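Q: Here it is, the structure, as structure tokens.
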């Protein structure tokens, strides 16, 4: 539970109060009353809380010492920039970013999100049974949120069950945009090492210089397979093993299916693998709806140019009765996430402060 404590240096900042949870100090705005800690990661601690002004339950994520690691600082800045623009039922909403007391020396960042009950990883590993309707509804919402992001030229690049939040009504929201990029960005990010390995598309594993929205579709396929089978479909131990597991399922590729591989060494590796006829997905998931298997087969296509698009996946017969194109308008404008990866800490700090001001216009006025 959350325990009210005195400020560590005895000096209380105006408009703040102090709580301890899981040996972590929360210095938060007085309008928020913490309830209990609900999650912990490399970034810090998340707690559930109530906004006393609106009586709304929210999740507060404390990112501790955000500037200790520049990569983490850039991830946080990227998430702030993206979520300020995004408004969609299937994307997590960032409600507030608390304004620290000191503009030039703050170390911690407090993000306030809408509160969800659990995530898809927890549901998959639980003993709770999942009907075909459950599987279909989760997939539909994931594709719907992704279609919106792709309409804004945003690649998520780190889709996995733990980044899909779910509530008691089975509503699903995509979260964690620290690795997201614009699909029309420069080549610098096109060669980065991204996405949790098990959900990583072949073109990323093969270090291709160019990739697009189809990387997210592959991740969706891996997630959907995991929903159907209650275990990861490609639990690779390292990059080369990951590719071998993929070929064992999708089968050895024709020359025409590996033209997208622009790295000669990577192409030679794929050609060197023992021949595999592949495994039909209906054998892996015999209880699954045949239409679900057909759609999954179209998502888990090795060649990204032949992989089904998000829009076509939503129009697939398995999604019949769920998708209404008119109720899923695109994002109003493309969102730019182009950030100079070599920025120094003071510049990143100032950019974060400016993002925070969008949630605190009164502070901007008082500082004018």
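Cβ atoms here come from the backbone N, Cα and C positions, even for glycine.
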Q: Looking at the ATP binding annotation from Swiss-Prot, with 38, 39, 40, 41, 42, 43, 44, 45, 46 already listed, which candidate in 31, 61 is the matching residue?
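A: Of 31, 61, 61 joins 38, 39, 40, 41, 42, 43, 44, 45, 46 in the ATP site that Swiss-Prot records.
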Q: Long-range neighbours only, meaning 6 or more apart in sequence with Cβ under 8 Å: which ones does residue 38 (ATP binding site) have?
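A: Residue 38 (ATP binding site) has long-range Cβ partners 46, 47, 48, 59.
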Q: For the recorded positions 40, 44, 46, 158, work out the Cβ neighbour count at 10 Å and name the residue with the minimum.
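A: Lowest Cβ count within 10 Å among the recorded positions (40, 44, 46, 158) is 40.
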Q: Among all the protein chains here, how many other CB atoms are within 10 A of the CB of residue 196 (phosphothreonine)?
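A: For residue 196 (phosphothreonine), the 10 Å Cβ neighbour count is 16.
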Q: Based on Cα coordinates, which of the following recorded positions are within 10 Å of residue 196 (phosphothreonine): 40, 44, 158?
A: 158
Q: Taking the residues 38, 39, 40, 41, 42, 43, 44, 45, 46, 61 listed for ATP, what is the greatest CA to CA distance in Å, to the nearest whole number?
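A: So the maximum pairwise Cα distance among the ATP binders is 14 Å.
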Q: Rounded to a whole angstrom, what is the C-alpha distance between residue 158 (active site, proton acceptor) and residue 40 (ATP binding site)?
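A: Per the Cα atoms, residue 158 (active site, proton acceptor) and residue 40 (ATP binding site) stand 18 Å apart.
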